[in-house]
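Visitor: A single structure is presented below for examination.
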Amino acid sequence: MAELRGRTKQEPPESTAGEPPNLLPVTGTDTLTTPTRNPTNKKLSQLPLIFMIYFEVAGGPYGEEPAVKAAGPLLAILGFLIFPFIWSVPEALITAELSTAYPGNGGFVIWAHRAFGPFFGSLVGTWKFLSGVINVAAFPVLCIDYLEKLFPVFDSGLPRKLAILISTLFLSFVNYTGLTIVGYAAVGLGVVSLLPFIIMSLIAIPQIHPHRWGSLGQQGVKKDWNLFFNTLFWNLNFWDNVSTLAGEVEKPQKTFPVALFSAVILTCLAYIVPLLAVTGAVSVDQSEWETGFMANAAQMISGKWLKIWIEIGAVLSAIGLYEAQLSSSAYQLQGMADLGFLPKFFALRSKWFDTPWVGILLSTAITLGVSYMTFTDIISSANFLYSLGMLLEFASFVWLRRKYPTMKRPYRVPMRLPGLVIMCLIPSGFLIFIMVIATKIVYLVSGLMTVGAIGWYFLIKFCRSRKLLEFNNGDENEDEEG
């Protein structure tokens, strides 16, 4: 096998029983270097990483309101209390183990490749990338939805379209300036956007009537399970996206587990505390619980000043969400190029900011293409593709434990194989349920994208075999294909 591009002069140790052969470079680690990264560039430390993960997943309680509209206060509260334990915690545990075992920018692409081969590595990479950039498109829309409450001119027509376009391009430029800047900006955005909810929850305490928490919704209002479960899922998923930034993190083997578990606690509290405060203190028609209702509730509880602060906080939260998830999508493409799944030019970095500008540009272009879909169709399409990728990711996690039981794992989920299977089966059942209740348009969009993902794999394989494009480590993927 040809020498790996970007490998240091030191030869890797031979694999032993129960350990994986070192077939792929782990980008961005101390022992293996990548030709696309400036080694002098600063990496993410603990606190910025916590808030980057927080914005990968949540960004605050903005967007949780439709769960109350769909199923009433009691089920919404139970959903945000229980769902983290059957979904967020397992996903965070898996991400912690595999990101520390394979600390590279390829993230889940590396995991699926090591478990099942390059076809599945490419497939999960395409699913996750598309779900990520579709999800990113929701945040400029969410940002403008809140701004229109302050400036009605953004309600529709050309002003709304221009606002979405300009905000998307500006936020992508900020992302281009560097991950360290984005990381520390996430800390500031997180504090400022959460503070009004803390104040609102404290002011609401004397106004809370606990019996309101037990309401199953207004009589005669039909439960909308599609909206309810998609709202829970959309607000509490994407924990694994941060794995594509592992090569940009200081000491990922130590930093990742602490950051992930801290972010889980922060995210859960950020959802449940304001939800308990508002459902207990405010009594309104169930239909009013649309996205953005938290701002109206703040006015009822305290006054217009707090409503305006929450609306400004929503814009800042949307900015943080956009920056964190665009970073993951862009660095995922760079990692896939370093690993030979994409042509070499996808790994190019900016000379000024050391950021993967090709990945940022492509992600932004796709984001703009889908940003004019309705908000519901955006999150439903993202959820479906993400579900496909997560099913493959769960399977990869279990198979890697079985295939390489003695492999060094700096963090290891403290369960044996049967326990891990059960841990993965519960959220997998929920993923299948989310896919079953999807609409026809979501099936169509997701089906076409999956066909495109399979076609893309074979197109890349053809280009590599004919040497039509230059690849990193392309010979290795061919070797593994047999």
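Heads up, the Cβ atoms here are built off N, Cα and C, so glycines get one too.
Annotations per TrEMBL:
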- 1-12: compositional bias 'Basic and acidic residues' (COMPBIAS)
- 1-40: region 'Disordered' (REGION)
- 24-39: compositional bias 'Low complexity' (COMPBIAS)
- 129-147: transmembrane segment (TRANSMEM)
- 159-176: transmembrane segment (TRANSMEM)
- 182-205: transmembrane segment (TRANSMEM)
- 258-284: transmembrane segment (TRANSMEM)
- 304-322: transmembrane segment (TRANSMEM)
- 381-400: transmembrane segment (TRANSMEM)
- 420-437: transmembrane segment (TRANSMEM)
- 443-460: transmembrane segment (TRANSMEM)
Visitor: Could you check if the transmembrane segment (258-284) is in contact with the transmembrane segment (182-205), meaning 3+ Cβ pairs under 8 Å among residue pairs at least 6 apart in sequence?
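Guide: In this chain the transmembrane segment (258-284) contacts the transmembrane segment (182-205) - 3 or more Cβ pairs sit under 8 Å.
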Visitor: For the transmembrane segment (129-147), which stretch among 182-205, 304-322, 381-400, 420-437, 443-460 has the most Cβ pairs under 8 A?
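Guide: Of the candidates 182-205, 304-322, 381-400, 420-437, 443-460, 304-322 scores highest.
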Visitor: Based on Cβ pairs under 8 Å, which of the stretches 182-205, 381-400, 420-437, 443-460 lies most in contact with the transmembrane segment (304-322)?
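Guide: Highest pair count goes to 182-205.
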Visitor: With pairs restricted to those 6 or more apart in sequence, evaluate whether the transmembrane segment (420-437) and the transmembrane segment (443-460) have 3+ C-beta pairs under 8 Å.
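Guide: Not in contact, no.
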